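Down below is the structure, laid out as structure tokens.
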Amino acid sequence: MTTVGILGGGQLARMLALSGAPLGLRFLVMDTVADACAGQFAPMIVGDWRDETALAEFASRVDVATFDFENVPAEAAQWLAERVPVFPSPTALAVAQDRLAEKTLFRDLGIPVPPFAAVDSRASLEAAIARIGTPCILKTRRLGYDGKGQFRLKSPGDLDAAWDALGVQATTVGLILEGFVAFESEVSVVAVRGRDGEFRAWPITQNWHVDGVLSASLAPAPVDAALADAAVAHARALAEALSYVGVFALELFCRGGELLANELAPRVHNSGHWTIEGSETSQFQNHLRAVLGLPLGATRMVGEACMLNWIGEMPDARAVLAEPGGHWHDYGKESRAGRKVGHATLRADTPQELAATLERVGKSLGREVQVQPVIAALR
Ligand code: ATP
Ligand code: MG
Ligand code: MG
């Protein structure tokens, strides 16, 4: 019996555990909070990764370890990797945890990026704004997610406000200034690389964010094939450079027929949730196969798919369940403003059918605003 350890017990760990059940896998989740939603399906150690006793117990009970949470300190991941196989590697994790290291690697690999500069003082912020220009966006280098730890500057006059908001973090997690990209669309490549180096990508996904949080994903993204191929080639180059093992997502902006890389998520990704029903093999199943050294499953799509995120509280499931291609995912979390509590995936055989399904679901749930951009992209 193989036990997979997962650091972090959120919905990603939960969906990993659900998808690993048919493979006969056991799971052990470690999280700082006792009510982490993966705990409903897997035994859990409640503890902090800085607590060596808890981490040692975790290590002693698992055959291989992976992450649901990308911000596990690289030192904790390294400590664990000295005791049990850990995928992705602590080195790959360390790069993806730091927006500066990540963007520098993108650039070194010839992957286009928005202009960026490290910021460690008010003076260096001023210099960075002078070089990059406005609009621009100041971000924490580490620990940001769902658009948290970001400040948008419309003009150089916003310098003080930006420094007031994030300046204290310049010497703790570090800061980076990036040029603001007036993108036409955002896409992501969700891909997997096996222990033997085999690489597979799912068809690329178009994503819509609201207030920095993913709202909807559509696959395949309605972009031309050359752009999609270039995005996948960038993802492959990154995976190879990092000797990456497991699933990851590369987020990119599309502007004027060109791609600019935004960030790398070193884990299964929200924009890949549609793969559960919309693909031959889901991202969760392929992540487990990759970390266990098993053959990877095909990543081809089964029809067209749209994922809608439920933020804050769950809507009524019936409008989605009434659809022939409607699939419901309730993460079993308490409602809380801004929290990802679930999602739905709608699948159809053609873009027209998917658009019609989204219209019906959007109307019944009073979520026309959420589905409208996806419907527009399908037409
Ligand atoms: P995630 O939850 O995806 O990990 P995050 O907090 O790491 O989010 P980003 O992905 O960097 O943050 O930013 C969140 C969203 O903010 C992006 O998907 C995009 O919509 C917008 N954004 C971020 N950086 C830029 C930029 N340089 N130009 C334009 N928009 C941006
Ligand atoms: Mg991120
Ligand atoms: Mg992002």
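Even glycines carry a Cβ here, placed using N, Cα and C.
TrEMBL has this to say about the protein:
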type: BINDING; residues: Arg99, Lys139, 144-150, 178-181, Glu186, His209, 262-263; note: ATP binding site
type: DOMAIN; residues: 103-292; note: domain 'ATP-grasp'
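Overlay of TrEMBL annotations on the structure.
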| residue | record | contacts (Cβ under 8 Å, 6+ apart) |
| --- | --- | --- |
| Arg99 | ATP binding site | Phe116, Lys139, Thr140, Arg141, Arg142, Gly144, Ile176, Glu263 |
| Tyr145 | ATP binding site | Glu70, Asn71 |
| Lys148 | ATP binding site | Gly212 |
| Glu178 | ATP binding site | Lys103, Pro114, Pro115, Phe116, Ile132, Cys136, Ile137, Lys139 |
| Val181 | ATP binding site | Pro114, Phe253, Arg255, Leu260 |
| Asn262 | ATP binding site | Pro114, Glu186, Glu251, Leu252, Phe253 |
Contacting binding-site residues, sequence order - Arg99, Tyr145, Lys148, Glu178, Val181, Asn262 vs ligand 2, Cβ under 6 Å: Tyr145
Mapped DSSP class for Val181 (ATP binding site), helix or strand or coil: coil
